[in-house]
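Data block below; observations after.
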């Protein structure tokens, strides 16, 4: 019988999901994106060659895998064509192996214009979006005014809807934000110059998934961003615009929650965050700078430096609750090599003196929160590219064990380098 496994970030994103998805895709028939858009940046390194995927599922690098983009993904036609072009230039067959739900909302130039205008207007209070139009596209979806992939099949009706939407957006862009309007004809022409390519990949993703389940094949759901950026459960309002958690699998693909067999949460051995928002264990000293340097902590999509801090078991406990996580993959263990001591945040001290073991929901409730740390000895030995558990230093094993105890979930996979081969699978999610 086939297994259905979801892989998602259990922190603030950038945990290393792309590598692990790619690692496990040799076991599956389908890899599915179910939320987000081209704001994701999944970095894969295979035999030393680096690939960054933003929209197309990471399974595209395996010839035997069919990649699906579910209805929960907001689709930029421009970004899709650019990414397809990059892959096809390397000889990768995308068009025959990528299927797209007709219910995907489209990201169009006015979404990007609005995203930039709003962030500029917010100034120092900006959310820290990637500026790719993700939020405005999801707004249109919820407001029931958005254009979807299915609208590409009728150009006349599409043009009529586009005109109404542009009137709405351009009024705000010109009169409120004082920026240039988006041109109707150029937008229409640009979309329909590539519409036929997209239409050729449209499929009933939900039916494909349920048939795959019946046929007993393995399916992998690839999450983007991280749990603490979820629109409902993250550090609101400093969040993304989609459900990054396990519940998003069902709503973003039409694959019911009872069909998931295993949820793999990806965690770094420390914590990072990009953009604004609360981050209790953030380090502002030389240790934080050294983690950032050794971990090469710069965003795959934006290039922005990531904020770095100690492992936060409080935030990860919340991720375990929300996602029903079955097991963890811990990445970047090797980045902690050489530190004399390491700290793990085990609880938060709230401004009123209360000690809590689960993270608050809203960003405002994190104000004045202090981390309570447990200090553990570090290790001087090298863990980079170690692929056998017994070859890890005892202090590293103790560190992993303590995290397992604090969050109540086992570490089933360990990553000790960026390449897919630099990994230990202690318990295979597809055999669990």
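Glycine is treated like the rest: Cβ placed from N, Cα and C.
Per Swiss-Prot, GTP binding site is recorded for 13-19, 41-43, 306, 332-334, 415-417. Under the DSSP three-state reduction, residue 306 (substrate binding site) is assigned to coil, being neither helix nor strand.
According to Swiss-Prot, the Mg(2+) binding site annotation covers 14, 41, on the basis of sequence analysis. Look at residue 14 (Mg(2+) binding site): DSSP puts it in coil.
Summarising the annotation, Swiss-Prot assigns IMP binding site to 14, 15, 16, 17, 39, 40, 41, 42, 130, 144, 225, 240, 304. Annotation note: residue 41 (Mg(2+) binding site) sits in a coil segment as assigned by DSSP.
When other Cβ atoms within 10 Å of the Cβ of residue 14 (Mg(2+) binding site) are tallied across all protein chains shown, the result is 29. Annotation comment: Swiss-Prot describes 14 as active site, proton acceptor.
The annotation active site, proton donor is assigned in Swiss-Prot to 42.
Residues annotated as substrate binding site in Swiss-Prot: 300, 301, 302, 303, 304, 305, 306.
In this structure, the binding-site residues 39, 43, 130 were compared by how many other Cβ atoms lie within 10 Å of their Cβ, and the smallest count belongs to 43.
The binding-site residues near residue 43 (GTP binding site), taking a 10 angstroms Cα-Cα threshold over the set 14, 130, 225, 305, 306, are 14. The Cβ of residue 416 (GTP binding site) lies under 8 Å from the Cβ of 333, 334, 383, 384, 385, 386, 387, 422, 423, 424, each on the same chain and at least six residues away in sequence. For residue 225 (IMP binding site), other Cβ atoms within 10 Å of its Cβ number 31. Cα of residue 14 (Mg(2+) binding site) to Cα of residue 225 (IMP binding site): a span of 7 Å. Residue 19 (GTP binding site) falls within a helical segment according to DSSP.
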